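TrEMBL has this to say about the protein:
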type	residues	note
ACT_SITE	His446	active site, proton donor 1
ACT_SITE	His446	active site, proton donor 2
BINDING	His315, His319, Glu343	Zn(2+) 1 binding site
DISULFID	Cys74-Cys82	disulfide bond
DISULFID	Cys284-Cys302	disulfide bond
DISULFID	Cys471-Cys483	disulfide bond
REGION	715-743	region 'Disordered'
TRANSMEM	680-702	transmembrane segment
Amino acid sequence: MIPDSLAEAYAIWREYYSKMSEESSAYPSDQISDPLIKIQLQKLQDKGSGALSPDKMRNIMSEMSTIYNIATVCKIDDPTDCQTLEPGLESIMANSRDYDKRLHVWEGWRVAAGMKMRPLYEKYVDLKNEAAKLNNYEDHGDYWRGDYETIDEPEYSYSRDQVMEDARRIYQEILPLYKELHAYVRAKLQDVYPGHIASDACLPVHLLGDMWGRFWTNLYPLMIPYPEKPDIDVSSKMVAQGWDEIRLFKEAEKFFMSVNMSAMFDNFWTNSMFIKPEGRDVVCHPTAWDMGNREDFRIKMCTKVNMDDFLTVHHEMGHNQYQMAYRHHSYLLRDGANEGFHEAVGEIMSLSAATPSHLQSLGLLPPDFKQDYETDINFLLKQALTIVATLPFTYMLEEWRWQVFKETIPKDEWMLRWWQMKRELVGVAEAVPRDESYCDPPALFHVSGDFSFIRYFTRTIYQFQFQEALCEAAGHTGPLYKCDITNSTKAGNKLGHMLELGRSLSWTHALEDVAGTTRMDSQPLLHYFSTLMDWLKEGNQKNNRVPASSVNKDDSNAFKVRIRLNSAMGDDAYTWNANEMYLFKSTMGFAMRQYYLEEKGIEMNFMPENINTYNETARIYFYFVVMDPTKPDTVIPKADVEAAIWLSRERINGAFLLNDETLEFVGLQATLAPPKEEKITVWLVVFGVVMGVTVFGGIYLITTGILNRKKKTKKADETVNPYENSDGEENKAFEEDIEQTGL
């Protein structure tokens, strides 16, 4: 709950600001020529949620915050030991390699937090859209994107729609790099969790290093390309050398001061929260605070001594540096050029702080540490697990919310579309089936806390544009990933000038001031990771790893397979699992070998790994394509696969004790032989139709009577599963899985 003193102060501020906002409406902003006055007037006239009655939004936000803050999950082996998100549950998701424990925690958090927020989040969406329309925006997503809109001359102008266009464009530009990273990570996770991940499947979300699969940083110990090289994750060295939480902040301050930025004010060290307090619940998510009086800047964080938090401290202190740099402006101009700029500033510093050369200067890597190609690859992979892996996650989350606010995703399809998009855009699948009683998005702090999320996408693009420009100012030569701007006052002054602008100029001007361009550009990021990209591609091809999204549901060579175990076997139906999928791939490999040998006279050694399946669902259907074993990136034409199925259909069915109807290759006629055109006369057709109707009608009546009698007999003893249909297909949320795609 919000402390009474804070709630009282907030109420006073809200009343004053609302009054000023109302009075400002008397001045039409479109008639103001002075750009500085116009920017401030427009911001003041934007009432945000204040356009609603005072308590409407506040109560919902307070309830969601309370749920998030106090939600617990009890241990799988001890229901009396229940843990909150931080540090307990997050520690498990960061460090545990126990598949079942991770699954229990992942699902438990979404039941304890997300599911309980479902009715509140539905109201939240409605109220936020109502407020946005009162502020002359189409919806709340449109309102958020307004942060990027500029009122400048044409070469500096930028619209709300361009945010979506740029996000979608950049997602496509970084996708090839992400696909290669995805394929590498999947292969490594298969070694850690054998039998749980197919070689061409989406990644199970609960195995990705944190509660949400947002950052894959904690996977690095499982992924190290060259483990014999010195460890560049220096967490253990920090602990061994006796670093405490304050030391992380002191080292970050030294870094900022070395590039001619400010030392933190004295009251920063007394007013901030660096360690989780004992005896009371707090929201531990790291945040930086500007208390509004030009003198008081703070960080609130439940810090742990490790490398991840070391970089997070640089990020949060970067916010404070930005806030201190523009504190001389009037209140309405004290903000970042846009939300992404604020996020990018600390990230620039993290790029330098993470370099082996910087860590070596802090004594966290040995004096004799030498950078070579293998240490570079280790470093770049660790960076990619944090930076590249999160971009599709971020884009997908915001794309979903934009569509939710726009109401193109109706409320009764929230979870269905969330996980469809997660598979399609991120290549990640839910740990267990979902239905519409769940509400997974607000189980993330930023969603339940009403934060625009696209800032974390744009910030990453700006971050590398800034880094490239600052490294040039610092006189750096060589690969961008080796640049450390520590001690470069030229780089610091260049950045500092932009920070001092605050919101007094449009972000397109501010970007040009540092990077020499007015538009977002993904090329600096791609340059930074180009060495890693080459290494990943070579390794994936050599090991026949299928990059994510090399196949998709629109592939003209793909087959859809539907399996109905309950229809075929009733109570004796076996469970479809990874072993059954392996058997399917093996039988298809056999069928392809048979076809090539018998029909083409060619020996082709098709193996299970040449059969790529994707979009497998709880209702047991999936898509597959066959890859050429001599050219792993080449798909076998659908006509050849179809011919192989016809040739070995009986053998395929027999492997699973099924028939053409219960193991269905969708689109293929249900017969054990290819269709043939026979010459028959019209009277035979008529006779056949009449006899067919008569016979099938009789069979139908007899069968219906038997089934009805059986149903009445069994009804009293049956437990009804509302999510099960006659095909034994579980979870109605998957009803339209034909629309789902693997990445």
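Note that Cβ sites are derived from N, Cα and C of the backbone, with glycine treated the same way.
Between the alpha carbons (Cα) of Glu343 (Zn(2+) 1 binding site) and Cys284 (disulfide bond) lies a span of roughly 18 Å. Annotated pair the residue listed as 'active site, proton donor 1' and His319 (Zn(2+) 1 binding site), C-alpha to C-alpha distance, rounded: 17 Å.
If you compare Cα positions, Cys483 (disulfide bond) sits closest to His315 out of the recorded positions Cys74, Cys82, Cys302, His315, His319. The Cβ of His319 (Zn(2+) 1 binding site) has Ala288, His342, Val345, Gly346 as same-chain neighbours under 8 Å, each 6 or more residues away in sequence.
Comparing Cα positions, Cys471 (disulfide bond) lies closest to His315 out of the recorded positions Cys74, Cys82, Cys302, His315.
The two recorded residues, Cys302 (disulfide bond) and Cys82 (disulfide bond), show a Cα separation of 19 Å. Sequence-distant neighbours of His315 (Zn(2+) 1 binding site) (same chain, 6+ apart, CB under 8 A from its CB) are Pro286, Glu343, Gly346, Glu347, Met349, Ser350. Here the CA atom of Cys284 (disulfide bond) lies 17 Å from the CA atom of Cys82 (disulfide bond). Neighbours of the Zn(2+) 1 site: apart from His315, His319, Glu343, residues of the same chain with C-beta atoms within 8 angstroms of the site's C-beta centroid are Ala288, Glu316, Gly318, His342, Ala344, Val345, Gly346, Glu347, Arg459.
Neighbour density for Cys284 (disulfide bond): within 10 A of its CB lie 20 other CB atoms from the protein chains shown. Straight-line distance linking the Cα atoms of Cys284 (disulfide bond) and Cys74 (disulfide bond), rounded to a whole number, equals 19 Å. Applying an 8 A CB threshold to same-chain residues 6+ apart, the list for Cys74 (disulfide bond) reads Thr80, Asp81, Cys82, Gln83, Gly108. When other Cβ atoms within 10 Å of the Cβ of Glu343 (Zn(2+) 1 binding site) are tallied across all protein chains shown, the result is 22.
Cβ crowding, taken as the number of other Cβ atoms within 10 Å, peaks at Cys471 among the disulfide-bonded residues Cys82, Cys302, Cys471.
For Cys483 (disulfide bond), other Cβ atoms within 10 Å of its Cβ number 22.
When Cβ atoms from all protein chains are considered, those within 10 Å of His446 (active site, proton donor 1) total 19, not counting its own.
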